[in-house]
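Asks: Straight out of TrEMBL:
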type	residues	note
DOMAIN	75-133	domain 'Cadherin'
DOMAIN	134-242	domain 'Cadherin'
DOMAIN	243-347	domain 'Cadherin'
DOMAIN	348-452	domain 'Cadherin'
DOMAIN	453-562	domain 'Cadherin'
SIGNAL	1-29	signal peptide
Amino acid sequence: MTKYLRFKHRRGLTLLCMLLGTLCKTGSGQIHYSVQEELDKGSFVGNISKNLELEPWELAEHGVRIVSRGRTQLFALNLQSGSLVTAGRIDREELCAQSTLCLVKFNILVEDKLKIFEVEIEIKDINDNAPDFLTEELLIKIGELTAPGTRFPLKTAFDPDVGMNSLQNYHLSPNDYFSLAVKHVSDGAKYPELVLERALDREQKKVHQLVLIASDGGNPVLSGNLCIQVVVLDANDNPPVFTQPAYQVSVPENLPVGTTLLTVNATDPDEGFNAQVSYILDKMPGNVAQMFDLNSVTGDISILKSLDYEDATFYEIKIEAQDGPGLLSRTKILVTVLDVNDNAPEIIITSLTGSVPEEATAGREIALINVHDRDSGQNGQVTVFVLGNIPFNLEKSIDQYYRLVTARSLDREQVSEYNITLRATDGGNPPLSTSTHITLRVADINDNPPAFSQSSYSAYIPENNPRGASIFCVTAQDPDSIHNAHITYALTEDTIQGAPLSTYVSINSDTGVLYALRSFDYEQVRDLQLLVTASDSGNPPLSSNVSLSIFVLDQNDNAPEILYPALPTDGSTGVELAPR
C-alpha cells in the first residue's frame, strides 16, 4: 500500500470554521491510500498518525477524527495504533459500479488545531465477480432450411469487475453445427453471435443444446454459462414414408364384406401440419376401386364387394400417402385371393345321342360330357360317376371330358328307356356335388317274331253254318315296337278234298279273325287242319306259325234213308216192309 502526503493551501475550510463557531486553520495536504475491496473489518489501510506527523497516542489528545458528509463511514481510526482501518467489508462494485477508477474521499479533522486534511482512498478491484448472463437459458428457434452462415445474436454477459477482471472472452461448447463470432464495438463491448455452419435437419436432430461460456481475465479466471437451446423449426422437406415398399396379404374368397384386410402406415418425420398424413387410393384400371375401400385417416383397407377367386385371384392396390402441404409417396398392396370350396362342379353335355339301337354292342358312345369346377387345387378336383346299377360306363377322354358308353348290349324289350343320372363331386371339405340327368331311349330293332299264346289252337263250328260266320280268332304278340310290332295274319295255302283252302275259310290279316267262306257239311268235311302265320312289319319281317284245328260239329240235318229194299224203278208199288 502506498501513501503520500501533499500539502497545499486551501480555502475550503471556511464552512467548517463557521460550523465550529470559530476561525480554523486550513490544512494544506492530501493523504492518498489504496486498498483492495472485500477486506475484513479492521484491515489496515494506512498509517494516519505518521501522515499527520503525530504519534499514535497523540491522536486522541489532538481530537483527530473522521468527518463524513452523510455517507456511511467505510473507514475508522485505530487510536491505539494510529492506523486508518476498514470499518467493514467494502464492495467496490457497489460503490463505483464499473468505473475504472474508484475513489473514496473523506476528511480528517485535527480538532485542537482546527486543521482538516483530505483523504483519498482508491478501492482496488479484485476478481470477485464471475461474468453473469442474468438468465440461465436462451431459446432460439431456427428454421431447418436456414442457409449456413446466418448469424443469430446472443445474450451478453455482465461482469461488474473492471480491467482484466472484467469480461474478456466468449466460448461456445463444441458442436457440429454452430460456431461463435464475437462482434467488437468502439466502446470495447463484445457482442456474441451464433453462426450456423451447416444445414440443419430437424428430422435428424430437433433440438441442439449449446453452452455459451463468458470468462474474465482474473486469476483465477471466473466464468459464467448460458445454456442455449436451439429448436429447429420444421419445414416440409420430407414426404411420408410407408413402413413397407409393398404389402402382401392372402385372404379367403368368402371373407365378409366390410372386413379389414390390413392397415398401411406411413410416417412423416416432419411435424405439425407437415406431418399430417392422409391416404388415397391411386387411380387403377378395372374395378379395383369398387372392390376395396381405404380409410384416408387410419389407412385401413377393407372389402367393399365380395371376392371371388374364380373372377380374380390377385389384386394390386396402389396407395398414396400425402402430407398436409402435398408431398406424397406410394406403395402397393398385393392381395392374393385364396380359393374356398364355394363352387359345385358343373356338368356340361357337349354331345348327346337321344337313342341307341338295342343291337349296339358294349362301348357304344351315348354322350360326350365335360366336367368343370371353378375352384382350384383340391377343391377343383372332380370325380364323376353314373348312379345306379345300369349298363353304362364313363370313360375318360381328354382334359375333363368323359364319354358315356354302354357297358353291354341293350334289350329294348326289357328296358325301353333309361334315366341316367350323372353325379360330379369335387375334392373339397366338405365336398360339393352336382347331378344331371340324361334320358336315353333304346331304339327298337326287329329281333322278336310274333308269338302266339299257344302252340296250337282248336276251334269248333257247327255244320250248316252261315257263310261269313266268324269261326275263331288267333292272336299273336310282338314285344318289338311300332312297325316291328305290327302283325299281319295269313293262312298257309292248302287243299281240302281237292279244293283250295281259301275257298273254305279266310283270315282277317289285321285282327286274326277267321271267317267261314261256305256252310260246312259234317257229312262231307269233318275237320280242317290250318296253319296260321303271324308276320311283323320289320325289315326283314319275322313270323311264326301256329296250327289251328277246326272241327265241324254234326247237326241232325239228314233223315234216315232206306237203302234196302230199294224202291222199284219201274213204277210198281213193291212190298212195304215197314213204314218210312
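Every residue number used here counts from 1 along the chain in the order it is shown.
Glycine residues also receive a Cβ, built from the backbone N, Cα and C atoms like all the rest.
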Asks: When DSSP states are grouped into helix, strand and coil, how many residues of the domain 'Cadherin' (453-562) land in each?
Replies: 7 helix, 48 strand, 55 coil
Asks: From the DSSP assignment alone, can you count helix, strand and coil residues within the domain 'Cadherin' (134-242)?
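Replies: Secondary-structure composition of the domain 'Cadherin' (134-242): 3 helix, 54 strand, 52 coil.
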Asks: Give me the mean pLDDT over the domain 'Cadherin' (75-133), rounded to a whole number.
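Replies: Its mean pLDDT is 90.
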